[in-house]
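Dropping a structure here in structure tokens format, bear with me for questions.
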Amino acid sequence: MNKQSWLLNLSLLKTHPAFRAVFLARFISIVSLGLLGVAVPVQIQMMTHSTWQVGLSVTLTGGAMFVGLMVGGVLADRYERKKVILLARGTCGIGFIGLCLNALLPEPSLLAIYLLGLWDGFFASLGVTALLAATPALVGRENLMQAGAITMLTVRLGSVISPMIGGLLLATGGVAWNYGLAAAGTFITLLPLLSLPALPPPPQPREHPLKSLLAGFRFLLASPLVGGIALLGGLLTMASAVRVLYPALADNWQMSAAQIGFLYAAIPLGAAIGALTSGKLAHSARPGLLMLLSTLGSFLAIGLFGLMPMWILGVICLALFGWLSAVSSLLQYTMLQTQTPEAMLGRINGLWTAQNVTGDAIGAALLGGLGAMMTPVASASASGFGLLIIGVLLLLVLVELRRFRQTPPQVTASDS
């Protein structure tokens, strides 16, 4: 038997052409969305000089994404998934063209930016849900951990590159260039996605979309295993909202403007290391227990983060959180895909992704409230240790998740 390496195995990109096409499309899409993410707030700030108006655009887009995830989950379980993915990407690109044309006007319309933000948020999340539901069919359920780790690396790398490119474009050509290249990138992603095989949903009875969505909710609530995974995911996302305290904590540590960047880079760096060293995760006999313990460790890291006497120690705590949260997230993703019936994959993936979106918003709001009553140090520690207490309770309550065992996949020569 070959020894499995700790390092991430990228062979899936070579052996599975369909996954390679998705990998390429996702990377281009992340870079394109990053260009958009830089341009929209800058344009609104330049037009209105109001941070409230910038925040409103983020809130509207987030709301549209939530609705898109719900609708996308139902569509992915009822219609051919490749068509849903292509339709969502193409429609999203049309919205980017609208933003580009609006930016070229002598007096761009603020209302148009808001409406197109709703449009793009809805259709972007629609395609995400269908793609998640299709992944097991593209790579095989035995390769989901590897696929999830490669995807996580793609997201992290794209998230680092795209803001830098977006900033350079803003400095040289203005927001219209950002929107135009985002539209071009989105339409380019259609080329590799066209090579995907047909991805029909499993046969199931026709029912009203709301009834179908409620069936997904009922399954989530009735399954201690899948429901517990989703709950842990939401709490983990809440913990990541600690970034709203970075500016205040930077003042407390007397950090320079250049040093503050280390705080923002620490969690993505830790997550990237977690993905790169995930080679043995798929071979864990008790993934549920490992998920619970890594989640508890990540909460502890956030609790200790604000208490550190030096900023460099705080950065180490954040990197540790990034690593542990990556381990937990990869286990969540894999177990969710393998333990959810094929007929429910679209809806459950939509609900899981939606609770991640809302968890981040709730966490930011709670930390903002704590910040009004406590010092930044106390707020960060209270959030981390509070989540740690909840996590310990869940460790005791989620018996089925804690005791879950799986037969590790066989290691073949190509995997080593």
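Each residue, glycine too, has its Cβ placed from N, Cα and C.
Here's the feature list from Swiss-Prot:
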TOPO_DOM  1-21  topological domain 'Cytoplasmic'
TRANSMEM  22-42  transmembrane segment
TOPO_DOM  43-55  topological domain 'Periplasmic'
TRANSMEM  56-76  transmembrane segment
TOPO_DOM  77-83  topological domain 'Cytoplasmic'
TRANSMEM  84-104  transmembrane segment
TOPO_DOM  105-109  topological domain 'Periplasmic'
TRANSMEM  110-130  transmembrane segment
TOPO_DOM  131-156  topological domain 'Cytoplasmic'
TRANSMEM  157-177  transmembrane segment
TRANSMEM  179-199  transmembrane segment
TOPO_DOM  200-218  topological domain 'Cytoplasmic'
TRANSMEM  219-239  transmembrane segment
TOPO_DOM  240-256  topological domain 'Periplasmic'
TRANSMEM  257-277  transmembrane segment
TOPO_DOM  278-287  topological domain 'Cytoplasmic'
TRANSMEM  288-307  transmembrane segment
TOPO_DOM  308-313  topological domain 'Periplasmic'
TRANSMEM  314-336  transmembrane segment
TOPO_DOM  337-356  topological domain 'Cytoplasmic'
TRANSMEM  357-377  transmembrane segment
TRANSMEM  379-399  transmembrane segment
TOPO_DOM  400-416  topological domain 'Cytoplasmic'
So which of 56-76, 110-130, 157-177, 257-277 is most in touch with the transmembrane segment (357-377), counting Cβ pairs under 8 Å?
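The stretch with the most contacts is 56-76.
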Which one, 56-76, 179-199, 219-239, 257-277, 379-399, has the most C-beta pairs under 8 Å toward the transmembrane segment (84-104)?
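Of the candidates 56-76, 179-199, 219-239, 257-277, 379-399, 179-199 scores highest.
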Pairs 6 or more apart in sequence, C-beta under 8 angstroms, 3 or more of them: is that satisfied by the transmembrane segment (257-277) and the transmembrane segment (179-199)?
no
Of the residues in the topological domain 'Cytoplasmic' (200-218), how many are helix, strand and coil by DSSP?
10 helix, 0 strand, 9 coil
Are the transmembrane segment (157-177) and the transmembrane segment (379-399) close, by which I mean at least 3 Cβ pairs under 8 Å that are 6+ residues apart in sequence?
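Touching, no - the transmembrane segment (157-177) and the transmembrane segment (379-399) miss the threshold of 3 or more Cβ pairs under 8 Å.
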Considering only Cβ pairs under 8 Å, which range in 22-42, 219-239, 288-307 makes the most contacts with the transmembrane segment (179-199)?
22-42
Suppose you look only at the topological domain 'Cytoplasmic' (200-218); what would the mean pLDDT be?
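Residues in the topological domain 'Cytoplasmic' (200-218) carry a mean pLDDT of 81 in this prediction.
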Any residues 6+ beyond the ends of the topological domain 'Cytoplasmic' (200-218) with a Cβ under 8 Å from its own?
70-71, 73-74, 76-81, 133, 342-344, 346-348, 350-351
